[in-house]
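Engineer: Sharing the features that TrEMBL gives for it:
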type     : residues : note
SIGNAL   : 1-21     : signal peptide
DOMAIN   : 58-112   : domain 'Partial AB-hydrolase lipase'
ACT_SITE : Ser183   : active site, nucleophile
ACT_SITE : Asp356   : active site, charge relay system
ACT_SITE : His385   : active site, charge relay system
Amino acid sequence: MPFCTWLLILFFLECLILIRARNYSFVCNEIEAYMDNPENNSKCWFDPDVYADPVQRALNHGFLLKKHNVRTEDGWILTLFRLKNLKHSGQKNVIFLQHGLAADATCFMANGNNSLAFILAEEGYDVWMGNYRGTEFSSHQTLTPLNKKYWDFSLTELSIDLAAVIQFVHTKTKRKILYIGHSMGGTGGVIYLSTRPEEAKNYISHTILIQPAIFMSHTVGFFTLENIKTYYGLLQTMDYMNLNLYFSSNPDENLIFNICVRSLADIKFCINLFDKILGTSMYPISPPKLPMALLAIRGVIYKLILHFSQILHSGEFKMFDYGTKGNLQVYNSTKPPFFDITKIPTSVSWIYGETDALVPKRDILENFEKYRKPNWDIYGIPYNHGYFLFDEQVSKRFSNLLLKLIRKHI
């Protein structure tokens, strides 16, 4: 076993030993207050969302959340969330939200009343949220997380998930769907739209891609091309050893959460690390939102990261590269096929983040111009790669724009 792999395993073991049992239900308006008896600190208060499951979290904000299980053609069982606004008897058109990498659908309910899902439901829209395979809200008919095959999927297979859930939503509602995908939610959406254009045309009315992880030639920060070259071998080893993880929604059991809240230094280290990965934010996460932001980090699936690293390394949006021999077996070609985004059958709104380090503004602008169609439009928002999900002022900085786009295209 490579030495770096042993180091990684030892790091996780150390973190497990150091985790302390604490009550994390109290949020604070200063970072320092989290380390100063928050249960009895005047700068802190109880937040019922921290320990709440998705159903309870929705109830906390006046909505009913119903779960639906959907089977994919390759044996996955995916849990869909549907929000019902108790104040609206008749609901408007259907909106479908799809999360990104290292997340699940709860990220759209992680910002209190300013959560994207709640804002849309408050407007009366019929809001559905998808959960990809490999998340806490998915399972397989025959495989368990201990089986390596359970985790053996790339970005390509995410389109299978979307095909199943989108058809389910359309059957249930009898309406066309406005699709909104963030980051890898945009990646999967584009793969679905471009590989199943005739099907998608029947189900999708418009597509909104928020910081879609498709072209990443100019990525900066932690996931630069140079760093990917350095760590590619380690990623392959971790994928081979089945060191895939997903982190619990329970703060007491969530490894990343507990690592980051052990001390004031750890909190600041994690915030700095997130800035390096996602980009420096014009509007940083406020201290009261820190627990929910940490809990939104939900898993690491190494084959997905490998696939993204291949796209970054090659500068080409294509299927997973198994090497010459593997490609011949899988694709009957020495090289993996490209995803042809010119086949997207719907109108598309592209949204980039001004300080996004993972999917830089430059990449989205360049490729928008390269592939643009008359029914495509593009907009910018003042965020890095994900902090809009936790911004208390998201209405004036983003969601008002989003609602305007929805009204325009739905």
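Cβ atoms here come from the backbone N, Cα and C positions, even for glycine.
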Engineer: Once the chains shown are all counted, how many other Cβ atoms turn up within 10 Å of the Cβ of Asp356 (active site, charge relay system)?
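Structural biologist: Counting Cβ neighbours of Asp356 (active site, charge relay system) within 10 Å gives 27.
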Engineer: Long-range neighbours only, meaning 6 or more apart in sequence with Cβ under 8 Å: which ones does His385 (active site, charge relay system) have?
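Structural biologist: Long-range Cβ contacts: Ser183, Gln211, Ile277, Leu278, Gly279, Gly353, Asp356, Ala357, Leu358, Val359.
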Engineer: Give the residue counts of the domain 'Partial AB-hydrolase lipase' (58-112) per reduced DSSP state, in the order helix, strand, coil.
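Structural biologist: Tallied per class, the domain 'Partial AB-hydrolase lipase' (58-112) gives 9 helix, 24 strand, 22 coil.
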